[in-house]
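A short write-up of the structure that comes next.
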Amino acid sequence: MALWLPGGQLTLLLLLWVQQTPAGSTEAPLKVDVDLTPDSFDDQYQGCSEQMVEELNQGDYFIKEVDTHKYYSRAWQKAHLTWLNQAKALPESMTPVHAVAIVVFTLNLNVSSDLAKAMARAAGSPGQYSQSFHFKYLHYYLTSAIQLLRKDSSTKNGSLCYKVYHGMKDVSIGANVGSTIRFGQFLSASLLKEETRVSGNQTLFTIFTCLGASVQDFSLRKEVLIPPYELFEVVSKSGSPKGDLINLRSAGNMSTYNCQLLKACSKKCAPAPVVIGCLFLVTVVISSKSRAQRNLLAPF
């Protein structure tokens, strides 16, 4: 996970840096600036959840994404079986698809990395989103899952914020105290500071998030998933021999997009017959675990 440069290119820079920097390298940390990530795909789907689910099903978006990403079907199969083995009661309105979306994101590095890159560079405009953003299904269900988990937690515990930690190795962040930033991606952050420690130089974020949701019931780790649209104020920044320490405090939210898939389809999509286009959706609602396992593997 990483922050973005203007234009959404920081993800690629960081990936190249990690791939090209050997373990134990003494090279100077990569220095990057942060901003509000204006080009990141940040849809909150406010007021259109039911319509989004209908469009995703009718448009066979899951199948389209499976066809685009060669590892995708196997990642979802594995995540589905993982969820079946640990399935717990879900909050109101949350479905097994929401749960498996969290599992596939938190457990599969290829999925989370490619989603981050797509959010940065494949949705800079409505037209680009429509043609080039091939994570419409996953993006919606991750966003919706965070919102539903927060709603459930708020109902039980009132307004809920989390103090979490996220570390980035060999990266020096240029962020001024008092400035407002956002990550522009789904960021997994740990509730345990010790889990973020790595060898070498590291930028450690201490994040006070009020829009993130605890996903430890799904990922089996004490972590919180922060949505791409949450804003943060840089409260403090200090240096140490092991790297920078940056404290962030939630400062609301900001989105450029809302219900973008529906807007795109209202312009060019012909009405489709009501069918369950996503075979994955069929399998996850089967109550029998053994039957679900047989049916999950069959379509792929």
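Placed from the backbone N, Cα and C atoms, the Cβ positions cover glycine too.
Because the structure is a prediction, the values reported are computed rather than measured.
Recorded disulfide link (Swiss-Prot): Cys48 to Cys259, out of the candidates Cys161, Cys210, Cys259. Candidates considered were Cys161, Cys265; the recorded disulfide partner of Cys210 in Swiss-Prot is Cys161.
A straight line from the CA of Ser219 (NAD(+) binding site) to the CA of Cys161 (disulfide bond) spans 19 Å. Fewest Cβ neighbours within 10 Å among the binding-site residues Gln185, Ser219: that distinction goes to Ser219.
Cys259 (disulfide bond) and Gln185 (NAD(+) binding site) have their C-alpha atoms 17 Å apart, to the nearest angstrom. Most Cβ neighbours within 10 Å, among the disulfide-bonded residues Cys48, Cys161: Cys48 holds that distinction in the structure as shown.
Using a 10 Å radius centred on the Cβ of Cys210 (disulfide bond) and all shown protein chains, the other Cβ atoms total 17. Under the three-state DSSP scheme, Gln185 (NAD(+) binding site) falls in the coil class.
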